[in-house]
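Here is the structure we will look at, set down as structure tokens.
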């Protein structure tokens, strides 16, 4: 059985002294003493900044001594050369807060992160650089990547353990062996990290079957998704000169969800037993996820394999994790805590009480206006332009053209990315859906001039799979009517990045609609908007984008953090695509994440 390990940590607020974190033959050494990493993943963009500390305290209460987090390039450089490290994007503040709470950090800048995140963390604008190829030695990619990693180094390199901070390990690339095998490319990654000031412990991580392709001499190889201690030890020894330490960089106690498929849950008892086995054998562990949180806005990704086409993920990233979407302890949390206590010398902190939740009775969204009444100035082009060519990252684009005396027939959209509503003269004709491989429909057209509108939603750029390089959004091909190409398009960019300039009335006209309500609260608490009677869209509370909803499920509620509600007047805005006449909803004390409607 592994020995009990005590976490020695610098007192928060004091002048931080440098520590050492090194490799022993079979264990990590913190200041020369054996140290078993017991880590769990939290992603700072998936948690409101106001709630970071509570989540970190819950990690400490479960017995974790370390927090793992990806770093998201498209969060920190949303537009080329425009960096963001403030507010919820202030990753340095997150790392420092972890140190204040007595937690070490595993940093995963990568720069590709996967993570069920838009484009795997890559900024959309990389696709506008002609010839640029991500995850390669292509010169433009390396130039943009280098600018980013140097900026990241300015933010985070001073927080490494050898400089008095709490960052123990820094991950180079991310499961690269699942994607390629170019060791020269990996070496370039390593050298960039070092140039950026990341001179502490660098490591790689890969699934067992791909680890040979993803490792680099001199870097610790970590393995993902392996449960058996003997197998873990054998794999790492094989690729690390016969030595350890032995770490599972991603140990999966659950899984994520995507639209139209059942909610994923696993046995808490089964995984508590597996955790016990790993820790008893002296393995270090980073559980993915300890707390998933919420993928707010339009930042969810999608899987796209050769065999399963296109699978956009839900906004809820609950993950059936030990700490649920709202940050409360689950049965799995309590079981894991009991296991971890066996391998920790000091008593664990008491588990904080569950957060307050509230229900909100019926809210009527009386103010309403058609999307078509709130269009910006269009961009004109002969053929449809993608989101990228329009300089738009996320949201929607309305494509509009006119036909004159055209015969009824089949409308075909080649290269639909990803979901569309089709209108003729403002009247809805049908839906196109990449998930269902629906890219055409029959149009009934009257004599004279007819206006055809195609409202396209970016449902999330692919974050994993062989189609990572095919990630433009909107209409990326042409549009045909009865086999003839339609030309001369107007394109209206609708990124939905700001909703405070919408002019409301009280009619929707059967078109996609913005609805707004103000409601009063006498108390605040976490709550869940029940969107089960609505169709498809997204919602904002007091200006905060809560994410997407879609009636097909399995997610039927949108989590509203207490931190974003106010006593007194609150504002709710909903953008609804499919059911413009629905104008009521309420909020529940518990989420609904497991209800499919097909």
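Each position is counted from 1, following the chain as shown.
Placed from the backbone N, Cα and C atoms, the Cβ positions cover glycine too.
What TrEMBL lists as active site, proton donor is 175. Taking Cβ-Cβ distances under 8 Å and a sequence separation of 6 or more, the neighbours of residue 175 (active site, proton donor) in its chain are 114, 205, 206, 207, 210, 214, 224.
Taken from TrEMBL, the feature active site, nucleophile applies to 250. All protein chains shown were included, and the count of other CB atoms within 10 Å of the CB of residue 250 (active site, nucleophile) stands at 23.
According to TrEMBL, the feature domain 'Glycoside hydrolase 35 catalytic' maps to 28-342.
The domain 'Beta-galactosidase 1-like first all-beta' annotation in TrEMBL covers 384-494.
Feature annotation from TrEMBL assigns domain 'Beta-galactosidase galactose-binding' to 512-570. Model confidence over the domain 'Beta-galactosidase galactose-binding' (512-570) is summarised by a mean pLDDT of 99.
Feature annotation from TrEMBL assigns signal peptide to 1-17.
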DSSP output for residue 175 (active site, proton donor) maps to coil
Per DSSP (helix/strand/coil reduction), residue 250 (active site, nucleophile) sits in strand
DSSP composition of the domain 'Beta-galactosidase galactose-binding' (512-570), residue counts helix/strand/coil, works out to 3 helix, 34 strand, 22 coil
